[in-house]
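Taken from TrEMBL as is:
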type: BINDING; residues: A:Thr155, A:Lys181, A:Thr192, A:Glu279, A:Asn403, A:Ser408; note: substrate binding site
type: ACT_SITE; residues: A:Thr192; note: active site, nucleophile
There are 2 protein chains.
Amino acid sequence: MAVGLDPPRNILPIAGVRLSVAEAGIRYVGRRDLTLIHLAEGSQVAAVFTRNRFCAAPVLVARHHLAEGPGVRALVINTGNANAGTGVAGLRAAEASCREVAEQLGCAPGAVLPFSTGVIGEPVALAEKIAAVLPACVAGLAEDQWEAAAAAIMTTDTVAKCCSRQIEMDGVTITVTGMAKGSGMIRPDMATMLAYIATDAPLHGAALQQCLREAMAQSFNRITVDGDTSTNDACVLMATGRAALPPVTKATDPRYGKLRDTITLVAQWLAQAVVRDGEGATKFIPIRISGGYDEAECLRVAYRMAHSPLIKTAFFASDPNWGRLLAAIGSAGVDDLDVAGVQVWLGDTRIVRDGARDPAYSEAAGQAVMVQEEIPVRVDLGRGAAEAQIWTCDLSYDYVRINADYRS
Amino acid sequence: MAVGLDPPRNILPIAGVRLSVAEAGIRYVGRRDLTLIHLAEGSQVAAVFTRNRFCAAPVLVARHHLAEGPGVRALVINTGNANAGTGVAGLRAAEASCREVAEQLGCAPGAVLPFSTGVIGEPVALAEKIAAVLPACVAGLAEDQWEAAAAAIMTTDTVAKCCSRQIEMDGVTITVTGMAKGSGMIRPDMATMLAYIATDAPLHGAALQQCLREAMAQSFNRITVDGDTSTNDACVLMATGRAALPPVTKATDPRYGKLRDTITLVAQWLAQAVVRDGEGATKFIPIRISGGYDEAECLRVAYRMAHSPLIKTAFFASDPNWGRLLAAIGSAGVDDLDVAGVQVWLGDTRIVRDGARDPAYSEAAGQAVMVQEEIPVRVDLGRGAAEAQIWTCDLSYDYVRINADYRS
């Protein structure tokens, strides 16, 4: 079902990052539901997490370990259970999982970050199930296991999401590889469902943090499937520093921009892949708003459109129902919007000129864009120089089916 | 399909309010799509309209006539075409419609308020079509035509929405009768789709305005079907003053409260009827938030829940998926919410206690509530004394079908 999204290929390993997957039987039997990532000594890690107040136990533990721990050496990720809404028992389970991993890998429990995704609010014997398969999982750690890991972290995803990019810098090849999962409850706020991006570049400290923040702002914080913000969202950026370059510790380093841009490209590809694989998605819809006073109002209009069930169902029906687009733009909270200055395009076809139907527009022209799998929407608010772009998908019968059936 | 909503019965006429309907063939042939309301001389009228910046031509004209005109004597309402996004031509059509009505009724064009609902952005020869059937429509004006009018203003509604209430005041019987239409693009902002409430009470000036404002705040501004705000929303309160009582001109009048409460009851019944007839609705869901710091944050949490596609599809599936409820509460923008203080009930069954699953809760108990047609949700935020209630419905296959098919 995913829109224009192929399974991963040509994924490049990252020196210093080893991965392994296992069947822990957390919710289903015979399914790979456990992923372990081991980082070489000296690796630097930054992460952002959901802002949902009901954040999951592993989010609380991972935040704590990042802030107070001795430096991250391992990540343990399970699907099948989000360990959210599980109270004190959930916190203990997340901490116990870290201890099990630490024991197997010979590091401190605080050097392990736990991640969970799946159904919310179900109690589960997480640590016990993980412990049972950990020895085999550790034995399988290898640098070429990204595809397997990308598949093992999936829940309602239909396609594994993983990609790589390389650049040359001072004669040295730098590699970035990332993977992500998520297709529902997607409207990340400073983070996504689960995403892991690694590089062998020597990004350190403040530069690493800023790089993650900037990459997020142009990727996972610019997508929405259903406007729902998960309890478990997390995005991790790992830099092993194995590439033979002196460390990049500050954003003012002349090499910073190129590294950030490459990491942003990977993050953007993954974020778009999450939308392309949005629950029930049949259309991929980039929405670009220009001519706003500031980026905030451009985003407000963009998300208003992306969250409108009427617009999403019209896209599903390939119906160029531009009245619904106008209604969403007009109710996005831009109180002094002069509608006479608004232009709207579907692809290259202008449908609204100066706030009303473009006299040159024909339903046939709109229809020709709407039948495509990818439908770029562009709105010019005609009141400033700011712009912003987000990505979303349509709302189909299958969205309802998937979410009406998910727990039963 | 409407949830627990019967066709209108026992509708009481309002002295001084005559109504008539006709087939003007605006979009479909053989369908009553035109409604005329004529008010006796001396009637007082207040109205609120959509805040959508892309408001329709009739909204602009009606606002202008209300503010600058000689006092309202007639309302003309068409379905089939919203006359929105139609630019200058649309404005002219709305004004011409008022002139036609004024000529037939012998009043000033500024004494006529136009209302349109239906597809957005389609040009239409509105005034011509209305003019052709006006003479017969005027000839049919009568006080007992509320049911016919309530049916004629429907679009995707499946049931006509009309109700009456009576009270005694100083030995005089006061009657309030109202009708409304709307089932999609419903998240009114200071107004609803189209609602008309009339009374023979002698409400005047400031008291009438305040009464409308207060009634709206507890009815049409507390509902949502899909979070989309229409371009044409309007609610009109008409007071003919034919009941033999001295005028009520101020909200400090001791009779004001009782009149307002009766009008609010009618408005609330109509608003809830709109939700019960929400597009594809199979469940009617009152959401009450208590224990908030202020009403605004209670409403933020309530609407966040009511707009969550994941919650709406879970209700459709009769699935007590309380994890989705928590995720919505946690991401409603109450940044300092202490989740440990949160309680959640489905009907009388507490599912969340102190931020986690109530140990006494069983899936069977939750299921027993969820299979009902009406599912009251209650959340206590545990941080203050404010509360608020809204009404919404679920998201079903039929919602997608209706909105994917509407224009085709």
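One is the number of the first residue shown, and numbering goes on along the chain from there.
Heads up, the Cβ atoms here are built off N, Cα and C, so glycines get one too.
Each of the binding-site residues A:Thr155, A:Asn403 was scored by the other Cβ atoms within 10 Å of its Cβ; the lowest score goes to A:Thr155. Look at A:Thr155 (substrate binding site): DSSP puts it in coil.
A:Asn403 (substrate binding site) falls within a helical segment according to DSSP.
Within the same chain, residues at least six positions away from A:Glu279 (substrate binding site) with a Cβ under 8 Å of its Cβ are A:Thr156, A:Ser183, A:Gly184, A:Val225, A:Asp226, A:Asp398, A:Tyr399, A:Ile402, A:Asn403. In sequence order, the binding-site residues near chain B (CB to CB under 8 A) are A:Asn403, out of A:Thr155, A:Lys181, A:Glu279, A:Asn403. In this structure, A:Glu279 (substrate binding site) belongs to neither helix nor strand by DSSP; it is coil.
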